[in-house]
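Trainee: Mind having a look at this structure? Questions to follow.
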Amino acid sequence: MLLEIKDIHVHYGKIAALKGVSVEVDEGEVVTLIGANGAGKTTTLKTISGLRPLSSGQILFEGKDISKVPGHKRVLMGIGQSPEGRGIFPGMTVVENLYMGAFARKDEVEKDLQEVYDLFPRLAERKNQAGGTMSGGEQQMLAIGRALMTKPRVLLLDEPSMGLAPKLIQQIFEIITEINRRGTTVLLVEQNAQQALQVAHRAYVLETGKVVRSAEASALLNDPQVRAAYLGGGAEAVAPPEG
Amino acid sequence: MNNLFSQFWPYTIDGLSLGAIYALVALGYTMVYGVLRLINFAHSEIFMVGTFAVLGTLHLFGMPANVGGFALVGLVLALAVAGGVASGGSAVLLEYVAYRPLRRRGASRLAALISAIGASLFLQQLFARLVIPKAFNLPKEKGALPVQGHFAHKSDVVHIGGFELPNDKLIVIVGAVLMMIALDMFVNRTKLGRGIRATAQDPETAVLMGVNIDRIVTATFALGGAMAGVAAALYMLRFEETRFDVGFLLGIKAFTAAVLGGIGNLRGALVGGIVLGLIEMYGAAVFGSEWQNVVAFSVLVLVLMFRPTGILGESLQQARA
Amino acid sequence: GGKSKSGGGDSVTIGFMGDLTGENSGLVIPPKQGAQLAIDQYNATNPKVKITLKTYDSQGKGEQAVPLAKQAITKDKIAGLIGPTFSGESAQADPVLEEGKVPNISSSATNAALATHGWKFWHRVIGNDNVQGSGIGEFIASSLKAKKVFIIDDASEYGKPLAATVKSTVEKAGAQTSGDSIDVQGSDYGATVNKVKAFNPDAIFFGGYYAQGGKLIKQLREGGVKARFLSGDGSLDKGLAQGAGGTNADGSVIGCPCLIDPSGTASAASKKFATDYKAKFNADPAIYSAEGYDAATAYISAIKAGNTTPEKINDYLSKIDVPGVSKEIKFSSTGEPTATDVYVYQVKGDQLPLLGNAKNATVK
Amino acid sequence: MNDSTNRNPLARARDGYSSFSDSLHDRWASAPRWARWVVYLLLIVLAIILPADGIGSFMSPYTDWPTLLFFPIGGYILLAIGLNVVVGQAGLLDLGYVAFFAIGGYAMAMFGTKAGWSFWEILVVGVLLSALSGILLGAPTLRLRGDYLAIVTLGFGEIVRITANNTNYIGGPNGIGGIPHPPTLTEWTIPDNGLFDAIGIGGVQPFKYGALDGKPYYYLMLLLIVLVIIFAKRLENSRVGRAWASIREDEDAAELMGVPTFKFKLAAFAIGAAIGGASGVVYASQAVSIIPTNFPFILSATILAAVVLGGSGNLPGVILGAFLVAWIPERIRGIQEYRVLVFGAVLVALMIFRPEGLLPSRRRKAELAEGEGGMGSMGAEVGGPVTVGAGEGAE
Amino acid sequence: MSETAAVPAEKRVGTPALELRGITMRFGGVVAINDLNLTINEGEIFALIGPNGAGKTTVFNVVTGVYRPTEGQVLFAGGRIDGKKRYQVTKRGVARTFQNVRLFHNMSAMENVLVGTDAHHRAGLASAALGLPWHRREEREGREKARELMEFVGISHRMEETAKNLPYGDQRRLEIARALATDPKLLLLDEPAAGMNPTEKEQLQGLIRKIRDTGRTVLLIEHDMSLIMGISDRIAVLDFGQKIAEGLPAEIQSNQRVIEAYLGVPADAS
Ligand SMILES: Nc1ncnc2c1ncn2[C@@H]1O[C@H](COP(=O)(O)OP(=O)(O)OP(=O)(O)O)[C@@H](O)[C@H]1O
Ligand SMILES: Nc1ncnc2c1ncn2[C@@H]1O[C@H](COP(=O)(O)OP(=O)(O)OP(=O)(O)O)[C@@H](O)[C@H]1O
Ligand SMILES: CC(C)C[C@H](N)C(=O)O
Ligand SMILES: [Mg+2]
Ligand SMILES: [Mg+2]
């Protein structure tokens, strides 16, 4: 088991955001967390990265308890994240943002930079543009590319499709599949459950801070209850026509 | 007015050397502000600590009387190291005691500001009442008095194209500019510098990049403090005396310079410092020295009315989100 | 009000207020010790009514002096006060003493305006800044024969009016003047130095305290200004030469409406005072020690004469006429002393030897 | 390092205090109207007997207690309430607040000595003048954000002080002396017997003003404070207070919701300035003489410390804060030259102990609990389970 | 909201509510909007779509006075509003929500809405400080209205909660309630469905219709095609600051240029 979250509880002040969440992610998998707003998806990812403190529970990475490891060290261990809202450093250029991803690393980074450019040619074109002036979609690519620069064993993606134009959303999901194919484990949080379930192997459903379902992604995709709650009845009806 | 024209060059030199010291001290304000959004009110006391470290070192050298030429440059270098280490160290300590606990609790910037003011009072008094009397073997009540240490050979003058440039002012200006360039390169070219900038822009995301925020904050205070320490060495070269509240007015001016140039912007600190130094000198020439500070603050207001984020604007964290 | 119950018994409290721990305390410790000496000597005679001296540390600041004065009146029920020592704090604390009907004698506050308020309980044993300023001004004009005088002040309640008097005095004598003010908290007097250079004076007068005076001399000399430097009582301390560094201050002339006489050449009383003072404090009498002694003497003679309440003491003071160490102790109706000599001293290394009376002293 | 947090005594004291102040807060919030009035009444009675000697001998062994109550305590409280409007409510950082105190003081001194007006007339004029100067300062600078405003106001405070020092017409460094006291309203004396004597206010003439007896001035200050509290409280709970809060939260959004932000910021400045001016007028009339050095920068900083220390935005907190910063240095006068040293250390310690202030408003407390006080998420990084930040809520 | 509701819907459609004439907006070298003409009619739900960075939010910013357009005019209810102060624009009857929720986080939901109702209140400093009767009346009425609005958007059970503690979806609803409280004739919604799940999106769709039915005009930015196609009366498509298409939903959906620039060739349903 690469990443194992065991019954974690997390609070914001007095409000409990997570009330016992357990999630497992195996090497090579794409796992997705879905759930309504405020269910605690972002909080889960932040806690894995060490941005929020645990009130109780455990996080194991490669079998080791990392609950007490400070966030910046978790990055070195192989936990990378592309955060909700992208978190681009607005005053730094695209390359500088990418180099930030390799901040804690001491090994050769040029090769990885090239790989990111291969994955997102747009970033290579805009190397020297300030991150803050990139469009929403471009920033999303930059955020994912930057997370890849940390050379993660597991990549946490928080709503990578949020606010993107339909065309870009398709691209992003294709890229996630590609990243996974190249060997990176992915934990994906999405509102866009339909597509998330299509690229994922397994999925967890979160409701108000608790896991209420977990299953093969394809199983959930066809589950009437899940369809009703998270996929929306009429989703396909208004799909743009082909060609 | 007449004064200004007949003594234009001396006023300019004075303005530059005053501004150079403002600029170096301003760097500490600007860096800490950029990273923590905190007006580090106690930075003026970090500077003060530096001046006493320099003075102590001079005593250690046995107060070499009237050093000139290259020997003076060497001595100033040694003093700069002493000041830099003392100020940098105390800045780090200050952060550790007065700000870090607040940071951990997610305190408001105002709370940190009050802690800073408290620390500033504390440090001043600590020196006036305990450190100075002990270190310089003075009666207890004399701790509040100025302490002198004369060492430089001030009659050496460098001539540049018919203009006179006293050696101490020359060293101050050149020294400050060199330090600024070094710091600017450090922040823009090195990995630690990149970490500082990233933390300034988005600390949470910086953590996700493997940046150790505590280390960055420590580095920021250390660097800003060290700059103040170097400023202290240059200041001592110029004025050869210090006291427990030497930092008060200078600190306010340096912060003004930082804002004038665009707070959070390293180059802004240089521009702001120099501009402020010149304005003060020219202003004093025209209106009289008693209006020097009024002129300085009035110009600040005027500049901000037209450029609300200072002459060069903010940059360590960048305004647009 | 402070209608005193004090003095009813066999002890009376006299206060001393001034900057005892602040930055100019160097000017205030000597008069305090002078007063202490007088009172200790008196108590040693085993009198019927003993005197306790209570000190109030105002740090020379008005905002501290005012509450202390109130406390001295209402709580400690002092019968009289020596001080406050500086002009600024006096201006603020004196009205309170006046309302509290407590006599006060300052040993060193020289600001001329203090005598213009019609206060009945206020006195001083020192010539005011008009006296001092015109004394120094005349010295500059007649003895130094300066034609161009640059006048600098520290923008304080003491330095500014003193400088103004010097200015008008030398102008009356036909000299040309120019001037500037420095900021006490600043350290760079470059602008002032440049102004001086542009004016190119024969003499420079500074109205202010020695802490700034020393720095000013230093920067003037570094700037290449050679003109003679003069100042008033606020600079009469060896701190001036220390601050100026090296020999920068040498030759500077400091005026004061006070006579400092460590060798006791002026009179027998002065001789005895100098010896006793040295014996008690292991230091030579310094600025205003004699005036502190005299202020205390005024109270002592009032008490000896059987007056122990503030108002009675004050009545006595209005008629007092006894010899003092520094001068005759006698007050005009406004509370000013009658003797008004100004003396000049010249900096030599870290000594401040007396040159003589400003009227006839000459500089070598 | 974090494991022990909840076990160490400091954290326990902190939690204890926290839950105590919370329960107080809650109880007050749910108290019925009559109960609140009873508390108000009790507070006023307490305020009236406060200057009694018995209380004074403990509270102020070194200085005259009633005078101390008038100033700095009363004066600081009034100033803090005024600054709280600017900083606590509208969220504008003002580091030169002392300027308005000075303007009020100089108004009293000028009109009192040169024009011979009476205190009450000058109080009105002084308040108006201060408000006007607030507007004059605010108009060109209120478009500045955050700390740019802070440094500009700091500069303004210095400009006012230096200008006073350099202007001979208002006495230059000598300031102005002979400022008249308020006219005696009545010679009426609190009967010197029984109960009144027992509580130590017998024989006081509460409406006869002089430099020596602090009590009448204290009552005058008290009256002003009560009036200002009533006004401030009303404003806070009205559309005006809401506008200020919205500006503090998100200025752009506020403007887009129809709040004329500039006008309201200017109003906050003017009201803050007016209150500061009122404090200055009363102070000067009691001080008899004022000089520019009565109005140093450090006073601005101290009042700001009072506001933040007590709990920015919450009136009872602000009053408590002002009381403490005025009282502590006087109370520890016994340690003489070390008192400022100790005061500085106390400020740091209190901020570490209670960053949100001693009695914070509900809002400030919420801001803190989620660690968004403003130093970004600089404290957010985790070392292990239950960091200090989460300590409060986790149990 | 009742006066306009009385007018039959078909009569209102066709009268222009908002008109953009030749709007260009430049930021340094970036041309965010290029010579844009747009007319939105009273009572319609008009959608603005386009790729990321096309200039949609910038249009909102120009209309609400956040930016002064480099060139061109904005007409609303017959008068020009470009260059007007932001709060004046709001008082004229234009209100908006934000792409990234911008509530007054530490105020209660009720207080947030009250700030909106205050837009039309008159009580000044003095009447507030003295607690004069008409100030109290306004206060009462404001509360009443706020309560109604929160019921209308469906968050009346969370009135006293601090805004930031509300779930994201409720925060978006609260933003709408706050905007409605200023009593706008034109409501601008910037990606109101972002971060909502399909069920919530359906509810939102109903809410937007309800708002239109109270007689207000709605201008909407969204990337969610099911929502856009489901409720828009007309749609305009921006790309690189220029309008590349305008028309009925069905027309837009099949427009080749729009598909290329924005919709993409769908591998699967949206
Ligand atoms: N900074 C914060 N302060 C207070 N409460 C918060 C904070 N961030 C999140 N919460 C609360 O924690 C809970 C979980 O939020 P979280 O952001 O993890 O949800 P989510 O599943 O990511 O939702 P979304 O789909 O909206 O991103 C919610 O109830 C939310 O209101
Ligand atoms: N203040 C500004 N300064 C500089 N450029 C800006 C500014 N505001 C917007 N832009 C630029 O203008 C263009 C249009 O931005 P806008 O925010 O309007 O896009 P959008 O259509 O709303 O995109 P999205 O769907 O991603 O929200 C972008 O290229 C953006 O970078
Ligand atoms: C002690 C003295 C130098 C005081 C000075 N004469 C003054 O009036 O302030
Ligand atoms: Mg989320
Ligand atoms: Mg947008």
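Including glycine, each Cβ sits where the backbone N, Cα and C put it.
Okay, so TrEMBL annotates it like this:
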TRANSMEM  D:37-59  transmembrane segment
TRANSMEM  D:65-85  transmembrane segment
TRANSMEM  D:92-111  transmembrane segment
TRANSMEM  D:117-139  transmembrane segment
TRANSMEM  D:146-164  transmembrane segment
TRANSMEM  D:216-232  transmembrane segment
TRANSMEM  D:266-285  transmembrane segment
TRANSMEM  D:297-326  transmembrane segment
TRANSMEM  D:338-355  transmembrane segment
Trainee: Apart from its near flanks, which chain residues at least 6 from the ends of the transmembrane segment (D:37-59) lie with a Cβ under 8 angstroms of it?
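Mentor: For the transmembrane segment (D:37-59), the sequence-distant neighbours (Cβ-Cβ under 8 Å, at least 6 residues beyond its ends) are 31, 65-66, 68-69, 199-201, 214-215, 218-219, 222, 226, 327, 331.
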Trainee: For the transmembrane segment (D:92-111) against the transmembrane segment (D:216-232), do we get 3 or more Cβ-Cβ pairs below 8 Å once near-sequence pairs (under 6 apart) are dropped?
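Mentor: The answer is no, given that the two segments have fewer than 3 Cβ pairs within the 8 Å cut-off.
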Trainee: Could you name the stretch, out of D:216-232, D:266-285, D:297-326, with the greatest number of CB pairs under 8 A to the transmembrane segment (D:117-139)?
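Mentor: Out of the listed stretches, D:266-285 contacts the transmembrane segment (D:117-139) most.
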Trainee: What parts of the chain pack near the transmembrane segment (D:216-232), using Cβ distances under 8 Å and only residues at least 6 beyond its ends?
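Mentor: For the transmembrane segment (D:216-232), the far contacts come to 44, 47-48, 50-51, 66-67, 69-71, 74-75, 77-78, 81-82, 84-85, 182, 204-210, 275, 278-279, 282, 286, 315.
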Trainee: Could you name the stretch, out of D:65-85, D:266-285, D:297-326, with the greatest number of CB pairs under 8 A to the transmembrane segment (D:146-164)?
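Mentor: Per the Cβ count, the answer is D:297-326.
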Trainee: For the transmembrane segment (D:65-85), what are the same-chain contacts with Cβ under 8 Å, counting residues 6+ beyond its ends?
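Mentor: Sequence-remote neighbours of the transmembrane segment (D:65-85) are 50-51, 53, 55-57, 59, 94, 97, 100-101, 213-215, 217-218, 221-222, 224-225, 228-229, 232, 235, 244, 268, 271-276, 278-279, 282-283, 286-287, 302-304, 306-307, 310, 312-313, 315, 318-319, 321-323, 325-327, 330.
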